[in-house]
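Each remark here refers to the structure printed beneath this line.
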Amino acid sequence: MDVKNQTAVTEFIFLGFPGSSSLRLPLFMMFLTVYLLSLMGNTLIIFLILVDSTLQTPMYIFLGNLSFLEIWYTTATVPKLLATCVTKVVTIPVAGCITQYYFFFSLGATECILLAVMAYDRHVAVCRPLHYSLLMSVHICLRFSAASWVGGFLAPLLPTILISQLNFCGPQKINHFFCDSDPIFKLSCSDTFLVEALGYTCSSVVILSSFLLTMSSYGNIVVTIIRLSSREARKKTFSTCASHLTVVTIYYGTIIFAYVRPPAKYNFTIGKVVSVFYCVITPLVNPLIYTLRNKDVMKAFQKFLSQKKFLMGKNMHGL
């Protein structure tokens, strides 16, 4: 295509989910509720870890990192999703779209690496309990956490730079509710083969390598649990790891379906539905699973509530 004869696009228009106007308000209320619950749940986990010294261990430091990540991960996309439900025309500048692309995929890559690290933490705790304090000290835990963030933000850097060099000449409508890779490529009048191949390779390497490392850790955990002589010990150990495995299954299942496949196979309608799971649902599921299935977190929450009631009672008594 002759780029010189095309008008340069300065902004994109999100199409969001098609449908009648009568469905927009229910969708808006549903997504807004899930978004707010996700923000509150993840913020609560971070708060409890910060104020309760018993939760300041490697396992919960990783969980705090995951909750902090989920807050920004969902915030990178959901506000535009909400806007498409209540506004007919939702636009984003090209530079803003590329920025959203970078932060979305950086946070996604960070989550993949972090889930693999969390699985390794549980592997050491279950399979090598006598060496846990040596192999997973707080200092090492913080290094792992920092490496997850650095690695995640470096992974999509080169594809993002290449995307920023593309020309966009129209149409300007993005068939999605955020700046995902394939919808962006469809709008470019430049040759996108290199950046598509690089993006596909990067996403596949990050997702599959972290997924295999994660499943390898849990495979060893399952074998170790089976070998435990005490039924009570097996039950307690499995309960601790089951919440992690549930999160891993939901998250990896959707992103592998969405990104570990040839670009030509992309279906925009299915892609948007699947995106709702890892952009909206998973950030809410994480705090629910980790709090409802974790006795330590629930105990810290109950302790916080009892302290708050005590202080309120003391203040009322003073009045």
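Cβ coordinates are placed from backbone N, Cα and C, and glycine is handled just like the others.
Under the heading domain 'G-protein coupled receptors family 1 profile', TrEMBL lists 41-290. The transmembrane segment annotation in TrEMBL covers 27-51, 71-95, 101-120, 132-158, 197-226, 238-260, 266-289.
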(message) Checking distant contacts: for the transmembrane segment (71-95), what same-chain residues at least six beyond its ends satisfy Cβ-Cβ under 8 A?
(response) 9-17, 24-25, 27-28, 31-32, 35, 38-39, 42-43, 103-104, 107-108, 111, 168, 177-179, 275, 279-280, 283
(request) Determine which residues of the chain contact the transmembrane segment (27-51) at the Cβ level, with the cut-off under 8 Å and only residues 6 or more beyond its ends counted. (result) 17, 19, 60-61, 63-64, 67-68, 70-71, 74-75, 78, 81-82, 85-86, 280-281, 283-284, 286-288, 290-291, 297, 300-301, 304
(message) With Cβ-Cβ distances below 8 Å as the criterion, list the same-chain residues six or more beyond the ends of the transmembrane segment (238-260) that contact it, or say none.
(response) 108, 111-112, 115, 118-119, 122, 126, 181, 200, 203-204, 207-208, 211, 214-215, 218, 221, 225, 271, 274-275, 277-278, 281-282, 285-286, 289-290, 293-294
(message) Restricting to the domain 'G-protein coupled receptors family 1 profile' (41-290), what is the model's mean pLDDT?
(response) 89
